[in-house]
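Notes to accompany the following structure.
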Amino acid sequence: MKLLISALVLFIGVSVASAQKERKFIRDGNKEFSNEKYIESEIEYKKALDNLAEGKSSFEAEFNLGDAYFKQEKYEEALNQFKSIKQEDLTKDQKAMINHNLGNTYLAKKDIDNAIKSYKTALKNNPLDDETRYNLIAALKMKQQQEQNKQNQDQNKDQNKDQQNQDKQNQDQQNKDQQNQQNQDSDGDGIPDEKEQQDQQGNPSPNEDTDKDGIPDYKDNDSDNDGKSDKEEAGENPNEPKDTDGDGIPDYRDTDSNNDGTPDSQDSKPQNDNISKEDAQRILNALNQDEKELQEKMRKVKGNPAGNIEKNW
């Protein structure tokens, strides 16, 4: 930050008393500024401007007031102060000083583009100003870093978007696989594999084998080996298989699904229509006895005996 402390003879025709008073306030302001009392220096510079003759200006007071604002971090006031200084009648060095400080103020406000522009204008008026050249290089590096950060942010944003899309695709695929798994029915009995791969408590048990035949239920058409297919015993809603006796064991896994004391494997066998040998003999004897009585009656009626009836059992 450049501070103008030299005494500049800029005006002609200013009264001696007015000029001396103005100069005193500027000197007092510079002293306060040097002692880092920026509020006090601001006050003195304003006094100097207030004591100017009508229609006159003081580049030194106006310029240094902008510096006092800057040091107090009143960047908006500093910016407006430097921009308010009329540059038409200023020397190139003075124009360079104003634009140098404008660059610093823009930079403090993180307006890098205008800072670079101001530094370049300052160097046009004073190409030999190393301090301005250094600040310009610093601003250009900041601009480069800013663009790199923006590029990284855009890239990260794109990557995050891509990752979100990938995550969604993975989730959709996972849901699809899960749905397929839920709908899968390896043995075609209508009962989903997912349900047949659970124990009686509903816990995962991929190799649950009710009849212990070495074939897991989800691959076994007759899980309880009762002679009835799982599809038949599952009922109308295989997702919620039928449980006839309400014991918590679905019929397709219940060896006595009606709880009648007779295993389903016996219930499912057809009744034996054959009779025992003893019963057959009793029936035969009864028939023979009936036949004898019938023949006796016929002899009495016709007088002719009738032949015996023999049964081939």
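Every residue, even glycine, has its Cβ placed from backbone N, Cα and C.
All annotation found in TrEMBL is predicted automatically rather than curated by experts.
What you see is a predicted model, and the numbers here were worked out from it, not measured in a lab.
Positions annotated as compositional bias 'Low complexity' by TrEMBL: 143-154 (among others). Counting residues per DSSP class in helix, strand and coil order gives 12 helix, 0 strand, 0 coil for the compositional bias 'Low complexity' (143-154).
Here TrEMBL flags 155-165 (among others) as compositional bias 'Basic and acidic residues'. Same-chain residues lying 6+ beyond the ends of the compositional bias 'Basic and acidic residues' (155-165) with a Cβ under 8 Å from its Cβ atoms: none.
According to TrEMBL, the compositional bias 'Low complexity' annotation covers 166-185 (among others).
The compositional bias 'Basic and acidic residues' feature in TrEMBL is assigned to 212-256 (among others). Using a Cβ-Cβ cut-off under 8 Å and counting only residues 6 or more beyond its ends in the same chain, the compositional bias 'Basic and acidic residues' (212-256) has close neighbours at 186-193, 195-197, 200, 206, 262-265, 267-269.
Here TrEMBL flags 258-274 as compositional bias 'Polar residues'.
Residues or ranges marked as compositional bias 'Basic and acidic residues' in TrEMBL: 289-298 (among others).
Look at TrEMBL and you will find 143-313 tagged as region 'Disordered'.
The repeat 'TPR' annotation in TrEMBL covers 59-92 (among others). On the 0 to 100 pLDDT scale, the repeat 'TPR' (59-92) averages 96 in the predicted structure.
Among the features that TrEMBL reports, repeat 'TPR' is placed at 96-129 (among others). Beyond the ends of the repeat 'TPR' (96-129), by six or more residues, the same chain brings 1-2, 4, 63, 66-67, 70, 73, 75-76, 78-79, 82-83, 85, 87, 90, 135-136, 139-140, 142-143, 146 to within a C-beta distance below 8 angstroms of the stretch.
Per TrEMBL, signal peptide is recorded for 1-19.
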